[in-house]
C-alpha cells in the first residue's frame, strides 16, 4: 500500500507540474507555425509515458556504452543498413592494406586458402599449405581455429606443423633406405628453425605480415573477456599454476614404429604429434598463464590416400564425382553423447550458455591448449583419424574450414557453392569466405580448397 501511495503522489506531482508549465507556456504569444509546433510538442512529446520511455532509452545506451557492447560492430551494422556498400566496396574493405589487416590468402599450385578477421576484434585463425613436401609426393594442409587469444593457434602452426614436416622427410628417407640407422626421435622435441620449403607458392604481402606478427603472440594478452570471466567464476577450474619441479617427460618414438609394410602410418604419426605438441603447449601456457586453446584440422595427401586428423569443431567436406558432400571429419561438441559421457566421467559437466559448453566455458569438447580444462581432463586433444581411398570417391575438391564458415553454411551448401566457382583463380575460396561473412557469421572465417580436377596434387597421380 505504501508503494502504491508513493507512486500516486509522484504521478500527481508530475501531472501538476506539467499543467502549470503548460499554462505558462501557452500564455506566451508565438507566430502561427511556432505556436502550432509547440502545441504538438505539449500534446505528444511531453506526455509522461513518452518522457519515461525516452529516459529509458538513454539509460540503456549509457549502459551499453559502459559494458563496451555499443562498439564499432553495432555502429557498423547500423551504417551498413542505412548506407549499404556495393559488393566491390566490401571486397576492397576486406583487402585493406592498412596496418589493421582484414584478410589473408595463400595460393598453391592446386590449392588455395582465404581468411578474414570478420566481425571479431582479433584474428585467431591460422592455416597451412605445404604441397609436395621436399619432393616426397606428400602434401600437408591444416587449419587452426584459436580461442582465448592467438597463442595456441600460433604455437600449433609453428611447432606441430614443423614437427610433422620433419618427420615426413625423415620417414620418407628411412623408407627409401637413405637412413640406415635412424636416430632416436623425440616426439615432443621443440622443432628446429624452419627450413625452406621447396614448393612454388605465391604468397601475398598480407600473409607474410601475418607470419611475422605471430612471432610475438606469446607476449599478447588474453583477448576473450567472456572466457576470463567464466574462469574466474568457476571454482573447480582455476588459473592458478602449481609450481612443478619435474618437466614434461620426453617420449622417444623410433621412426620404424611409423612404418607398416613399407608405408607410413599417418594415423599413428598424426595422433602422436598432436598429443606431443599439446603437452608442450600446455606446459608453455602454464608458464605464461595463457588460457588460450585451438582446434586442429590436418589433412595429409599421399598418392591416392587422404588422411584427416581432427580436434575440435573445424570441419572438412569432400565433393565426390557425383557432386555429393562427403564429410571427412566430425565436430567435437559437448552435447554429443560420447563427449558428454567422457566429460561427466572426469567429474565435469556441460551447461547451455548460448550454446552447449564444457563447464559453461568452452563450446568444443576437444582442443589443444585450454590448460585449466585440460588439467581436469574435461577437454582432451585426442584427434579422430579418418582415412579415405580417393579411388573410391573420385573427388572433385576438398573444403577445409573453420567454424566461422559452418555457422552459416551446411556441408551441401558449401559443396554446391564451390562446385559453381571451382574455375576461379583461388578455386572459390575467397567467394565462399566472403559469402559466409555476408550471411552474418560473427567469427573469424578461414576456407581452404584443394582441387582434384587436374589429377595431380603432388608428384604422384590421383586416379579418378
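From the backbone N, Cα and C atoms, a Cβ is placed for every residue, glycine too.
Looking up the ranges 116-136, 137-157, 158-178, 179-199 in TrEMBL, the one annotated as region 'Disordered' turns out to be 179-199. Cross-referencing 8-28, 29-49, 50-70 with TrEMBL places the feature transmembrane segment at 50-70. In the predicted model, the domain 'PPM-type phosphatase' (110-452) shows an average pLDDT of 83.
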